[in-house]
C-alpha cells in the first residue's frame, strides 16, 4: 500500500478479541470490516473477568466511559475474595485488587452484558460490522489478504485478523493444524457453569443469605483436592453466577447449550458439604447450569501466516487457554499489540501488514498546523506593515488626505475592533472549538479587507459598468469601518493561533512551535514593505487597493487548510470526546501508539486537571477566583499591556513616520530603510525563538525590557541632537541604529512572548477567555498609545522617548517581581507553580513551586513521561 493510504483490515469474529482489535484499529484510523457468523450478539455465558493488563485497554476507550458501563453492570464493588475450605470453614480474605488504581482497571461481570457493551461501542467506531456472515476460506496473495464468504463473495484487504475462537478454520487453512475434531482430545476436565437472577426468597435462604449485600459485591471460593467452586454476587445482589470445575466423567461438549443434569451436578457438589455450597444448588433453576468440556489443545509455534498478512488472535491462537488461563483477557491483550506499530523494535512477523500504517502524518500535521497558525497571526504584521508604508505612498495620501489625528485613528482603530471582540471570542472558541474560531476570524478578515480596499469617495466607473456606487460616499468612514472589522478578527486569530498550537503540539516542541508561529509577523511586514517599494511611485489607485486586498490572501489560504488540521485535544477532552482527543495525542505525539507512555501521561494530566477545574467552574469568575487564578490572569493581562506600551508596536507602526522626523525626507529612502529594519527584526525573531526555547521566558523578558530603558534614553538624546543640529546626518544615522537595536531587544522577547506566555500561565478553564480579554485590554492601551504617538512625536518630540524609557523602568520592576518561569513544564504542570500541586487522577502531587524536587529532568517538556513524582497527597 502507498504511504498515507488507509490500512484496510478484515476481522473475522466479533468476540472480545475481534471487537477489541476492531476498536483499536478504528482508533488508529484504519478501514475496518468485522465479520461474525452468529446472527445476533452473543449473550451466552456467565461470569467473565478482565484482569489489569486487559483492563487498562478498556479503561482508555471513550475516556473511560466503556469501563464505567462495565462497572455499572458488573462486579464493581468487590473488595476481597473470601477463601473457604471445602466444608465451608473460613480461611482468609484475599484483596480482590492490590490498590485503588488496580481496582479501577479490573473488570468482572456477566459475559453477555459485557459483550453487548463492547459491541455497542464498536459500532460507534467501525462502520462495517456484518452479523450472520460466515467465512469459508482464508485467502492470501502477494500484497493482500482476504476471505471468501458462504455467499460466494470475496473480500480483500491489507491484512486479515482471525479472532473466531478455538474452532477457527484459520488454524487449519492458515497454520495447517489438524485439530478441528476437538472432542477427540480432552483435558480430562469439565466445568459446571451457572448464571441467574435472584429473587427475595433466594436472597433470604438461610444457607447463603450472607452472600448477598446490597452495598457491595461478593466473591467466595471453596477449595477441595481436585475440585474448586466459586460464586460471584453483584449488581446490588440481583445477579449470581457460580462455577464448579470437576473431572469430565460424562460425554460433555465444548458448548454453551449443553444443559447439565441436576443429579450430575449434585454428585460433584456433594464434595462441598457446607450448607452455603449446598444452598447454591438448592436455589439454582434446573435449566440454568451447563456442563462445558475443557478441551486441551497444545501451544503452537506461530499464529501468523507465512506471508505475514493473516494473524490469529485470542482463542484461535491460544486455544489451550480454556484449561490454562483467562481467554477473554488474553484475547483483548492480543488485539492491541497486533494493531499497534512497534516503530522502535524489530518487526514481528505478524505486524508486517500493520506496519504499513506508519506514514509521515505526525510531521506533516505539525508543519501544517504551524503554517495555518502563521497565516492567521501574520494579519497583524501585514496590516502594520501596510499602513506604516502606505503613509509614504503619494496616491494613497492624496486620496484620503489624512492629517496626524486621522493617521493615528486609522492605525488605532484596529485596536478598537479588538476591544469590541473580547466578550464574544472566548465563549465562542470554548463552545465550538479552536478551529471554528480561526474560521470565523478568517471570514471576518476577508469582509473587512473588502470594505477597506473598496473605500471610495463617491460614484465610480469600472469598464462597461458605469455609476457603480460603493458602500459609502465617504471613503474615510468606510476605510475605518473595514479596519475596525479587521481589528475584531485579528483578536480572534491572534489570540487563538498560538494557544491552539500550544494545546495540540507534542510537549517537547510546544514552546518552540508556538514561538515559531510569531516569526511570521516580521517576515510578513518585510514582504509587504518590499511590495510597497514596487508601488510607491505608481499613480493608479489600484496600487494601494491591491496591497489592501492582499491582506485577505492569508485568510483565504487558511480557510482552505483548516479541514486538514487537528482540533485541540484539550478542547476535545473538555467536551467529552475522549477517543478523538486520545487519537490526536497518539497520532501527533507517538506515531499512533495510544499506549505510549507520553500519551498515557498526557491523558492522565489533562483529564485530571479538567476534572479538578470543573469542580470550581464559575465561567467568567474563573478568571479571578480563586487567588491562584487571579495571579495567572494578572500576569496575562500585564503581559499584553506591557507589550503595547513598551514601544514595540509604536516602532512597528510608525517607523516610517519616525524616520521622517529624524531628517530623512525622500520617500524611497524611508521605505528602503524601513525594509532593512523589518528584515533585521525578522532575523532577530528567529534568534529569539531559539533563545526562548533554550533559556525560557522570564530571562528574555527581563533582559529585553532592560535594553529598551537604555535605548529609549539614547534615542531621546539623539533625537534632541538631530533637532538642534539638523545638518549633521550622524545623529540621524545613530538614531536609526538605536531603532534597530530596539527592534532586536523587543523581537527576541516581547514580540514572541506577548502571544505565547499568557496561554502557558492560564489554566484551561481560563485560557480562551483569559487570552482574549487580556489581549483586548492590551489593545485598549494600544489604541491610546497608537492614537497619541504621532501627535506626541510631533508636539513633544524627543521628550516622548524619554517618557517611554521611564515607564519601561517600572515595567522592568513588575516583571522581575511577579512573572514566573514556564520552561520545562506542560500546560497542566503549571499548576505546580501557582497552586503548589499537580492534579493527576484523583490524587494531588505535591510540589514546592519553582524549587520542587519533582525529579531533575525538568529542562525539557518531553520530561512529562519521564518525571519521577516524589510526593503524593490525597488531599482534595
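Cβ coordinates are placed from backbone N, Cα and C, and glycine is handled just like the others.
Where the annotation comes from TrEMBL, it is an automatic prediction and has not been curated.
The annotation region 'Disordered' is assigned in TrEMBL to 325-346, 850-876. The transmembrane segment annotation in TrEMBL covers 363-387, 407-429, 436-455, 475-500, 512-536, 542-565, 641-659, 671-692, 701-721, 733-758, 770-788, 800-820. Per TrEMBL, the feature domain 'Major facilitator superfamily (MFS) profile' maps to 369-823.
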Local confidence of the domain 'Major facilitator superfamily (MFS) profile' (369-823) - pLDDT mean:
81
Most Cβ pairs under 8 Å with the transmembrane segment (436-455), selected from 475-500, 733-758, 770-788, 800-820:
475-500
Long-range neighbours of the transmembrane segment (701-721), counting only residues six or more past its ends (CB under 8 A):
642, 646-647, 661-662, 728, 731-732, 734-735, 738-739, 741-742, 744-746, 748-750, 753, 757, 797-799, 801-802, 804-805, 808-809, 811-812, 815-816, 819
Contact between the transmembrane segment (407-429) and the transmembrane segment (733-758) (at least 3 Cβ pairs under 8 Å, separation 6+):
no
Which stretch, 475-500, 512-536, 542-565, 733-758, 800-820, tops the Cβ pairs under 8 Å count with the transmembrane segment (770-788)?
475-500
Would the transmembrane segment (475-500) count as touching the transmembrane segment (671-692), i.e. at least 3 C-beta pairs under 8 angstroms with sequence separation of 6+?
no
Contact check, the transmembrane segment (512-536) vs the transmembrane segment (800-820), 3+ Cβ pairs under 8 Å, seq sep 6+:
no
So which of 363-387, 475-500, 542-565 has the most C-beta pairs under 8 Å when paired with the transmembrane segment (733-758)?
475-500
Close approaches to the transmembrane segment (542-565) from elsewhere in its chain (Cβ under 8 angstroms; 6 or more beyond its ends):
365, 368-369, 371-372, 375-376, 378-379, 382-383, 386, 390, 393, 395-396, 399, 435, 438-439, 441-443, 445-446, 449-450, 452-454, 486, 528, 531-532, 535
Below 8 angstroms Cβ to Cβ, which residues of this chain, lying six or more residues outside the transmembrane segment (475-500), approach it?
369, 372-374, 376-377, 379-380, 383, 399-400, 402, 406, 409-410, 413-418, 420-422, 425, 429, 434-435, 437-438, 440-445, 447-457, 514, 517-518, 551, 568, 755-756, 759, 767-768, 771-772, 775-776, 779
